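Participant: The structure follows.
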Amino acid sequence: MPLIHAQSISAGYGDSRAISDVILTLQNGELLALVGANGAGKSTLLRVIAGAHRPTAGTVSFKDSDISRLTDFQRNKLGISLVPEGRRLFASMTVIENLIVGAGSGRAGAWNVESVVETLPMLKPLLKRNASRLSGGQQQAVSIGRALMSNPEVLLLDEVSLGLAPIIIDELYESLSVVRQSGLGIILVEQDLARTIAVADRIMCLLEGHVVLEGKSGDLTHDQITDAYFGHSIGSFSEPDLTTEEGVQA
Amino acid sequence: MPKLIAGSVRVDRYQRRALVTGVVAAAAFVALAAAPYVLDPAVTSSWIKLFYLITLATMWNLLAGYAGMVSVGQQAYIGLGAYGLFVFNDMGFDPYSSALIASVAVGVIALPLSFIAFRLRGGYFAIGTWVIAEAVRQIVIRFDNLGAGRGRSISNYTADPVFRNMFTYWLALGILALALVVTFYLLRSRMGIALQSIRDNEVAARALGINVSRTKRIVFVIAAMGAALAGSVICIQAIGVASPNQIFSVSYSAFMIFMVLIGGIGTIEGPILGAVIYFVMDLYFSQLGLWYLVVLGLLAILVTLFLPKGIWGAIHERFNISLFPVGHRIVPVADKFLPQSSAQPTVKEKRPNGRFRR
Amino acid sequence: MIVLNALVQGVLLGGLFAMAALGLSIAFGVLRVVNLAHGEIMTVGAYLAYLSLSSFGLNVWVSLLIVVPAMGFVGYWVQRLLLQRALRLSELAPLLVTFGLAIMIPNALVEVFTNDKKPLPTGDLAVQSITIVDGITIGVLPLLTLVVAVALIAGMQLFLARTQMGRYMRAAADDSDTLRLMGIDYRKVYAFAMALAFGIAALAGVFFGIRQGGVTPFDGQLTVLFAFEAVIIGGLGSLWGTLAGGIVLGIAHSLAGQISPDLPLLVGNLVFLAILVFRPTGIVRSKVAA
């Protein structure tokens with residue numbers, strides 16, 4: 001029984017199509033990485049799974065039950081938690097308040113403020129600080145911690161390392177490896193290919209809204225992935241201007 | 001952006017249709033102007049009300065529908081128009097010239113007031129204009145020579161009731177025509193484009209180098225002058241003001257909003273249609289007393305929620321009719337000799353009709 | 001001494017204005033909705049209290065136990081059924097909807113209750129007063145009003161800071177879409193905030209009615225302006241600022257009343273407009289919750 005099964009998803013913004021006929025499956029305890037150029041449709045796919053974006057076609061099921069008609073907050077209550085692109089912290093609130101609000105779904109589990117801080121140690125001295133006065137890396141840690149507070153079974157991470165210093169990214173990934181040990185399924189959108197290959201169980205590469213490559217990360221070579229990433233193998237250099245997608249989420 | 005592919009397209013401002021509109025409108029104007037010679041004075045005098053209602057609706061629509069400023073304080077300028085008429089009438093001008101002079105004076109007053117009102121945004125702008133209207137009323141009633149809180153009548157007016165009626169009719173018609181012409185040309189000018197971009201996204205408009213405050217301020221002053229002209233017509237028709245509370249009543253804002261919403265906000269045609277609907281409703285239902293106002297309020301809410309583009313918006317969407325072409329569209333040059341109806345726009349037609357999203 | 005007395009009375013009056021403004025402040029702070037019918041909600045609250053008095057013979061204070069929750073309930077559903085839809089449509093739509101309500105309510109009230117002032121008697125409380133020193137006498141009722149206003153603001157601050165719903169409200173004000181990702185339906189949070197705003201407005205309406213010796217249908221057109229002025233004078237988004245704004249407005253009214261009884265409204269409006277010009281961010285700069 002897969003944790004998440006997304007069947008024939010198509011979605012877009014207005015008249016422009018971001019993803020077409022994508023199939024995605026996430027198994028228990030698996031870390032699936034979505035790679036692809038800007039505008040390939042990775043974020044859109046995550047948001048469709050989270051219920052934050054309504055697809056034009058396709059269904060999403062969670063542990064074999066169809067959740068296509070559920071809203072984002074209902075899906076969060078079932079155990080699907082999205083760390084949105086751009087972190088999206090509640091800016092007028094402190095770090096600890098952001099974490100507490102993250103527990104809004106009321107799901108029971110191992111995650112609470114203490115365990116989150118233990119897993120993301122950089123938060124420890126920051127708990128009382130206002131979220132608007134954090135560095136990008138700190139904000140990302142809060143955003144991840146906030147998502148964990150709902151004790152998810154599926155964690156959707158959008159652009160974890162975007163704009164962050166390598167040393168901070170290392171620290172975040174260290175924390176994520178601890179998070180993985182708790183057995184939840186993770187779908188990760190990441191620009192950094194080397195890092196993706198290192199951490200992912202399986203990799204899906206999207207190009208212009210289509211899945212162009214998929215496989216266990218051990219079976220794929222770096223070159224294969226970069227080819228798929230830029231679409232060399234299918235003979236196209238075009239990188240479509242899909243500013244709409246980024247714009248909506250900015 | 002059209003200019004990126006210059007040469008293959010041209011911007012169609014509906015020149016031909018604008019010309020047709022102009023000719024038809026001029027003919028209608030002449031016909032209406034001749035009406036007092038043909039029709040019964042009772043009919044034409046009831047049209048005076050229709051004319052100033054259309055003027056008020058058009059002005060409020062310019063303010064809210066095109067520049068995004070929801071004012072519930074336009075009664076300030078209606079009242080000032082009426083009281084300004086007293087001031088200039090007392091100086092010896094006839095009531096009709098006084099109305100025109102007063103509107104200029106109101107424009108001069110509205111300019112500094114805009115600096116106060118523009119400190120506030122959105123909903124707070126709305127209540128801010130209301131406060132200004134209240135303050136204006138409270139100041140006006142402090143002048144004994146203006147009748148203080150009791151209202152007063154025009155001291156020096158045309159004695160003959162027939163002439164008075166005709167003059168007032170022509171004044172109201174002239175003001176209406178002026179309001180429509182100004183609105184039409186404003187929206188077809190560069191400022192119309194600026195307004196549309198402000199309404200769509202004020203921050204982006206600013207980034208594009210549009211002087212947002214200046215544009216809004218011009219509209220604010222024009223709308224105030226239009227309201228003042230309507231106010232002086234109201235005053236002349238009643239040969240005075242029954243009470244300052246009535247001419248400065250927030251109900252005027254309610255009527256304007258109602259007319260614009262019902263007709264269709266953000267279109268030129270909508271407020272005209274809305275004013276006609278309101279005028280007819282008023283003829284038949286005003287004896288319901290205050291329940292009538294309750295129904296108006298309810299209709300305004302229902303239209304806002306369930307028919308946000310108003311009746312004209314719905315008509316336009318279904319039949320793609322537009323009487324006053326103020327939009328643009330991009331047409332491929334190759335198609336320019338084809339009849340307009342069959343021209344295939346390469347870019348989706350972008351028109352300011354009906355939409356008033358940020 | 002006369003001036004000092006006027007100042008004291010102004011502060012007390014400011015309590016009433018602040019109470020009237022609190023609901024407006026909450027609705028704007030959480031939902032960014034300016035409720036143009038805020039004054040009318042106050043008036044309806046006062047009429048409900050009058051009805052409880054005249055129909056069931058309740059005491060004004062007891063009637064609050066019915067009036068405030070009832071208006072809270074109304075606020076919840078007005079938000080869910082009308083304003084939520086309007087919020088999705090455009091920025092103008094909520095304004096137009098609340099303005100529609102502001103037109104409907106007083107006219108319906110006239111048809112139902114006539115224009116006559118309906119009394120809200122409080123027994124001898126209305127006339128009781130405490131003399132502080134010679135020349136300065138404080139009415140018990142205005143004092144009670146100020147105390148209740150301060151308590152409400154303090155309570156609201158605590159509520160926003162310490163309770164889960166309070167945190168949701170602040171989160172919804174920051175980013176309602178992201179709150180949904182936390183498993184919270186922000187529409188319910190909005191509706192709860194509107195319920196609070198309506199309930200507090202109703203309470204303020206009853207206090208206003210008591211002070212005026214009764215309630216008339218068009219009171220709301222006056223009180224909405226007081227409430228709004230207090231919010232802006234105090235500075236948007238600050239509840240304590242709203243109290244300060246109410247007091248400034250109260251003092252302006254009170255001092256102007258010393259000069260001439262027909263001046264307070266005008267002077268209040270002029271003080272407001274002057275503050276708008278010279279200090280548009282309000283007199284209190286604070287980053288409180290909403």
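Any Cβ shown, glycine's included, is placed from N, Cα and C.
TrEMBL feature annotations, pasted as is:
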- B:18-38: transmembrane segment (TRANSMEM)
- B:76-93: transmembrane segment (TRANSMEM)
- B:99-118: transmembrane segment (TRANSMEM)
- B:167-187: transmembrane segment (TRANSMEM)
- B:218-242: transmembrane segment (TRANSMEM)
- B:254-281: transmembrane segment (TRANSMEM)
- B:288-307: transmembrane segment (TRANSMEM)
Participant: Look over the recorded stretches B:18-38, B:99-118, B:218-242, B:288-307 and say which has the most C-beta pairs under 8 A to the transmembrane segment (B:76-93).
Facilitator: B:218-242
Participant: Mind checking which residues reach the transmembrane segment (B:99-118)? Cβ under 8 Å, same chain, six or more beyond either end.
Facilitator: 71, 73, 76-77, 80-81, 83-85, 87-88, 93, 125, 128-129, 132, 171, 213, 216-217, 220-222, 224-229, 232-233, 236
Participant: Are there residues at least 6 beyond the ends of the transmembrane segment (B:254-281) whose Cβ is under 8 Å from a Cβ of it, and what are they?
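Facilitator: Contacts with the transmembrane segment (B:254-281): 49-50, 53-54, 56-61, 64-66, 72, 74, 180, 183-184, 187, 199, 292-293, 296-297, 299-300, 303-304, 308-314, 316, 322-324, 326, 352-356.
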Participant: Apart from its near flanks, which chain residues at least 6 from the ends of the transmembrane segment (B:288-307) lie with a Cβ under 8 angstroms of it?
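Facilitator: Contacts of the transmembrane segment (B:288-307) (Cβ under 8 Å, skipping residues fewer than 6 from its ends): 251, 254-255, 257-258, 261-262, 281, 313-314.
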